[in-house]
């Protein structure tokens with residue numbers, strides 16, 4: 001890799017002075033990662049996004065418990081327009097504007113300066129690792145009805161560690177493998193719900209979809225579950241440097257992924273709430289396997305449980321890929337020590353994978369609801385910085401090349417951010433005090449960590465390097481210096 005100490009940068013292209021020049025990313029020069037055989041194409045990218053965001057209907061059950069069938073169904077129809085589509089559009093524009101592995105870290109650094117870029121990276125990486133800690137928990141929750149020993153104690157701990165090691169090794173072997181594994185797992189995860197839908201047709205009672213009791217809604221659980229199931233569209237931006245022709249591939253993949261995600265949530269919920277008498281207290285993580293047994297028998301239940309296991313495997317490898325390549329991208333920008341930029345012989349960020357896997361193991365003892373609430377809180381802070389960066393870059397660099405540009409100008413950009421910004425405020429307002437305190441402590445650690453790393457760099461205790469192949473995003477006009 002072409003790395004050098006940040007104090008000795010060569011002349012670079014200022015962000016505000018592109019003048020139509022093509023963005024030259026680090027992955028477009030001869031290097032191990034420029035091998036097109038290892039680049040991710042449209043179909044694997046669609047399923048990587050699918051697993052970054054969704055992975056299928058596993059985990060949506062709590063919306064029915066919290067709010068009943070009607071609000072659960074409406075939530076997965078309306079929420080994408082408020083949150084998912086705006087976030088996917090912003091990711092398409094910013095990801096093609098900065099097609100490198102730093103992703104949203106680079107967006108925020110370009111608009112607000114490296115200090116806030118680091119905060120974005122810290123909060124998003126931490127929320128991603130917290131998110132990944134969910135998947136071993138969900139995996140075992142679906143299997144514990146068939147294997148009761150996995151419900152707790154030493155067997156569960158051993159199972160979490162073994163699962164983490166196996167899936168971490170898959171990430172080590174390369175993103176192309178992860179992408180095609182995601183395609184295979186995606187097909188196998190969705191297929192049993194197609195079969196369950198066909199079996200359920202004679203038992204569907206449409207009036208069951210209309211059940212609602214606003215007075216008994218658990219708004220905290222409802223909103224957190226919706227938010228968790230329909231966010232993380234921007235995570236794919238940290239893999240932009242590994243994508244074949246990202247300026248065209250990324251927007252196309254996001255478009256198809258939005259459709260796939262919404263359908264994978266809505267139709268299983270339609271089946272489950274319409275074909276089975278409502279018992280709200282039973283609608284919790286793993287309930288789709290019980291519905292499968294009621295509708296088709298033990299064989300369908302086992303199939304759903306297997307699909308849930310595969311889905312959680314897919315979500316784990318996709319999230320870990322995003323988290324580890326984010327650390328690599330931050331190191332290539334000189335925000336982290338140089339050793340985070342080192343790649344394995346498969347082109348994967350070895351230390352980023354190990355750090356992310358360690359975080360998963362440490363956090364996997366938390367409950368499903370605690371993990372979701374904590375990661376949502378941190379994710380909200382990161383999204384606020386993204387929205388500010390998106391709008392500010394429209395104002396600061398209106399003529400910078402944007403291979404994909406959301407229409408409407410600066411006013412349109414601001415209007416696009418208003419509904420999700422309001423939603424962020426609502427989600428934060430419903431957070432419990434415990435989650436709020438823990439999350440704010442995590443934010444405070446990031447505020448202190450960046451100056452500490454700069455001090456370490458100044459003392460030359462560790463080597464920090466900036467890639468010579470990346471354009472300068474800090475030369476002109478940072479909002480905060």
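Yeah, the Cβs are placed from backbone N, Cα and C, and that goes for glycine too.
Summarising the annotation, TrEMBL assigns transmembrane segment to 40-60 (among others).
Look at TrEMBL and you will find 66-85 (among others) tagged as transmembrane segment.
Residues annotated as transmembrane segment in TrEMBL: 154-172 (among others).
Non-local neighbours of the transmembrane segment (178-199) in the same chain are 40-41, 43-45, 47-48, 50-51, 55-57, 170-171, 264, 267-268, 271, 291-292, 295-296, 300, 303-304, 306-308, 310-311, 313-314, 317-318, 321; each lies 6+ residues outside the stretch with a CB under 8 Å from one of its CB atoms. Marked as transmembrane segment by TrEMBL: 178-199 (among others).
Long-range neighbours of the transmembrane segment (254-278) within the same chain, counting only residues 6 or more positions beyond its ends whose Cβ lies under 8 Å from a Cβ of the stretch, are 42, 46, 49-50, 53-54, 56-57, 60, 63-64, 68-69, 72-73, 76-77, 80, 84-85, 88, 91-92, 190, 193, 196-197, 200, 203-206, 208-209, 211, 229-230, 233, 236, 287-288, 291, 294-295. Under the heading transmembrane segment, TrEMBL lists 254-278 (among others).
Residues annotated as transmembrane segment in TrEMBL: 298-318 (among others). Within its own chain, the transmembrane segment (298-318) is flanked in space by residues 47-48, 50-52, 55-56, 58, 132, 135-136, 138-139, 142-143, 145-146, 163, 167, 170-171, 178, 181-182, 185-186, 188-193, 195-196, 199, 286, 288-290, 292, 360, which lie at least six positions past its ends and keep a Cβ under 8 Å from the stretch.
Positions annotated as transmembrane segment by TrEMBL: 350-368 (among others).
Annotation source TrEMBL lists transmembrane segment at 374-395 (among others).
Residues 82-83, 86-87, 89-90, 219-220, 223-224, 227, 376-377, 380, 383-384, 387, 390-391, 394-395, 398 of the same chain, all 6+ positions outside the transmembrane segment (407-430), place their C-beta atoms under 8 angstroms from a C-beta of that stretch. According to TrEMBL, the feature transmembrane segment maps to 407-430 (among others).
Note on the transmembrane segment (436-456): residues 115, 118-119, 122-123, 126, 335-337, 374, 377-378, 381, 462, 464 of its chain, located 6 or more positions outside it, place their CB under 8 angstroms from a CB of the stretch. Sequence annotations record features per position, and here TrEMBL assigns transmembrane segment to 436-456 (among others).
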- Tertiary contacts of the transmembrane segment (66-85), as residues 6+ beyond its ends and Cβ separation under 8 Å: 53, 60, 208-214, 216-219, 221-222, 225-227, 229-231, 233, 258, 261-262, 265-266, 269-270, 273-274, 278, 280, 419-420, 423
